[in-house]
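Taking it in order: structure first as structure tokens, then the write-up.
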């Protein structure tokens, strides 16, 4: 029964993570469209995360009433604040990177995320690696295959990525820095959720931090351009509303998933966004679908399922170990997996 509940939960996490990658590509496309119309990326962040915070307020209220949570101490708030500051930095880098380049390049650069997250998780002992175990070998090889697949999609038959245009280089550099910080944020997120296991509350504090930091940055960056704050009834308004909703939901799902599966599992879905972006541009924008996109997509899929298999194998071993080490095969196991 417990095993069935865990499998059902893992299925929901898997589905939710795939959906968030689709939404992430959509958000990046909207941000590119809005900034092309003259809307400042800093202002997009301020408005969207303020709107997202307002949406989360009633959910936070019900979260406090519906479950028993630990006291929200100053130390925990500082932990959430650090997470919010890191998120502010990578969001500013990311949205400006998209402004200088494109959503496709943003998806392409995300392939550095699994590698950095995996390395950092091993260094800080949040992920165990034993090359004598098939599960560990599968995770390592799956990570490498996914990154290779992402690079194939990006570089094979992709002359635009080799352009010497300065804006494209600036955009790529900003996006690379963004995904390095995203890797760091996953580890901080896992630590934060361990101390305060409420995805909604953590997301609310995260949103407020981004809105405040970006408001300060926007006042400095756009002090001579008051028109940058004007929201028109066109794609700019749609971008602010959609980004506020999707980014808040995206982060709630991420914090929930990282508390159950760890930061490496979370990062492994990033290469999927490249495949999603390639297919989306083919369907909606009429761009050519090259052999490199197909080959890279196959490699990403193989690597993705290898890591999932490795994680599932480890989870199964943990469950069996918990059963065998417990004098009672019911109560302790149930206590371990309450969420």
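Placed from the backbone N, Cα and C atoms, the Cβ positions cover glycine too.
For 29-154, the entry in Swiss-Prot reads domain 'EamA'. For 11-31, 42-62, 74-94, 104-124, 140-160, 168-188, 200-220, 233-253, 266-286, 289-309, the entry in Swiss-Prot reads transmembrane segment, with the evidence type sequence analysis.
Each residue in the domain 'EamA' (29-154) gets a DSSP state, and the totals come to 101 helix, 0 strand, 25 coil. It is 200-220 that, among the stretches 11-31, 42-62, 168-188, 200-220, 233-253, forms the most Cβ pairs under 8 Å with the transmembrane segment (74-94). Looking at which of 11-31, 168-188, 233-253 has the most CB pairs under 8 Å to the transmembrane segment (42-62), the answer is the stretch 233-253.
Taken together, the residues of the domain 'EamA' (29-154) have an average pLDDT of 82. Residues 41, 44, 95, 98-99, 103, 106-107, 235, 238-239, 242-243, 246-247, 249-250, 253-254, 256-257, 260-261, 266, 269-270, 272-273, 276-277, 280, 308 of the same chain, all 6+ positions outside the transmembrane segment (11-31), place their C-beta atoms under 8 angstroms from a C-beta of that stretch. Cβ atoms under 8 Å from those of the transmembrane segment (233-253) belong to residues 16-17, 19-20, 23-24, 26-27, 30-31, 33-34, 37, 39, 44, 47-53, 55-56, 199-200, 203, 206-207 of the same chain, restricted to positions at least 6 beyond its ends.
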